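Asker: Structure in structure tokens, see below.
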Amino acid sequence: MPSTKTTRSNTMDISKMVLGDASFTAPFKLIAERDDYIHAFVAYFDVSFTKCHKLMGFSTGPRSRATHWKQTVLYLEDVLTICEGETIIGSMTVAPNKKNPRDVDIMVKYSLSGRRCVVSRVQFYKMR
């Protein structure tokens, strides 16, 4: 999202993960770098393979080289109007779907108390 910068990431070490670690909640804070409209949040991941002879990895981020993996676009129910310097705070909860663990359930909570927009909302998504 070009109009904001994020201050949150979540790190997982798959060599140390146990059952249930794939479910997580990550808080986030987005600070607007200019006046703009927000239609969606974009989620992406970076992978580092650090237990190899040669370090390897890739990013699915919007400013990284393209891979066959893509970003996840989480469209908002309402378009948000944000002004430079204003902050959106929230959290994203991710968990395997109970009926089909290959599907992912995502819950996003966010709030903005801006000059032109005041909103506090919870939205649910399913990624297949």
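Yeah, the Cβs are placed from backbone N, Cα and C, and that goes for glycine too.
Whatever TrEMBL says is automated annotation, not expert-curated.
Quick paste from TrEMBL:
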type   : residues : note
DOMAIN : 8-113    : domain 'Protein arginine N-methyltransferase'
Asker: What are the helix, strand and coil residue counts for the domain 'Protein arginine N-methyltransferase' (8-113) according to DSSP?
Answerer: 0 helix, 56 strand, 50 coil
Asker: Across the domain 'Protein arginine N-methyltransferase' (8-113), what does the mean pLDDT come to, as a whole number?
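Answerer: Averaged over the domain 'Protein arginine N-methyltransferase' (8-113), per-residue pLDDT gives 90.
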